[in-house]
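Taken from Swiss-Prot, the feature Zn(2+) binding site covers 66, 68, 236, 311, and the record attributes it to sequence analysis. Sequence annotations record features per position, and here Swiss-Prot assigns Fe(3+) binding site to 66, 68, 236, 311. Feature annotation from Swiss-Prot assigns 4-imidazolone-5-propanoate binding site to 75, 138, 171, 239, 316; the stated evidence is sequence analysis. Annotation source Swiss-Prot lists N-formimidoyl-L-glutamate binding site at 138, 313, 315, citing sequence analysis.
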């Protein structure tokens, strides 16, 4: 059955640009876009329902392509410590940081993790997010990584959203492997990843390449295992120092490399050549009060596609609004509103390998879109906070909050 959505203007975000269609209409059939264009060119047809969008601006549904939305506890006390001058690295070295979340996550049941995550993700959904990536990485052993990945799959069943799962077992060194990082990486590669993949719980594999996490050589071992399992890879790279992680990611044709504050021009060129998306995470940059900016001009100059994401996590980016990240991306990183919106639509889709089906409004793509009561799409980036009036459509069906 075909449904007509009419009386609107559309920012399709094709090719990373607004690509406006004014005085437009959309026809959906099932979960797909059947037709899109000028309302005066609408083909004669019979529709099961006609929806008047009252002159709204329609954008693709937002895609949050880098989150750690499933976790136990929170780290508000560490937030206070950082404001007293304690660094992220110092907190991690004293057993805080990721380690404290690992303890809380291991202690939590699947049901507890699911219920707490749903509260957070519903906030994102009400902000216009229709697709979300969620990483494991707070279990750090087979049993608890599996628990997290099972919860991620359940979120996809519970909510009207597209949910992609990423195994981030190589996030930090668990306490039982203290001073045995090579042995832990071997355990990930020979035991955890093959089993978790065999259970159908993994869509992609990620790792944290940093002095306080894993070396490029160790990450490469994980990447080779992922490659052998036909799983795409992603990487946390160059957040706190320059280790060449983004070039390593490019070598393995990673979907994305994320953070990237300390990447070099050679890293940028490598990512441009491989088509790897640069995912910028302004929430973590802001909360950690960083001063080293990602090389935005170089990324743009070399044609690297830039995505933005919330990096929702309990330690460095407890961000429940992707729209706020849009404003931060523009204010902190000097992205234009158009570039920022591309970063949570088509470029974010590319960072998840979903660009053929998601991220822009085109015939044949999934009917995920948001109708905003605004005068121009730049307003979505411009306004700070609040709940902009909107209608969210997921797979051709309006989501009722």
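Each Cβ is built from the backbone N, Cα and C atoms, and glycine gets one as well.
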Under 8 Å by Cβ from residue 75 (4-imidazolone-5-propanoate binding site), counting only residues of that chain that are 6 or more apart: 96, 97, 100, 101, 314, 315, 318
Residue 138 (4-imidazolone-5-propanoate binding site) and residue 236 (Zn(2+) binding site), distance between Cα atoms, whole Å: 15
Candidate nearest residue 66 (Zn(2+) binding site) in space, where candidates are the binding-site residues 171, 239, 313, 316 and distance is Cα-Cα: 313
Cα-to-Cα gap, residue 313 (N-formimidoyl-L-glutamate binding site) vs residue 68 (Zn(2+) binding site), nearest whole Å: 5
Residue 171 (4-imidazolone-5-propanoate binding site), number of other Cβ atoms within 10 Å: 24
Least surrounded among the binding-site residues, given as 66, 68, 236, when other CB atoms within 10 Å are counted: 68
Env. residues of Zn(2+) site, Cβ within 8 Å of mean position of 66, 68, 236, 311 Cβ: 67, 135, 258, 259, 281, 284, 309, 312, 313, 317
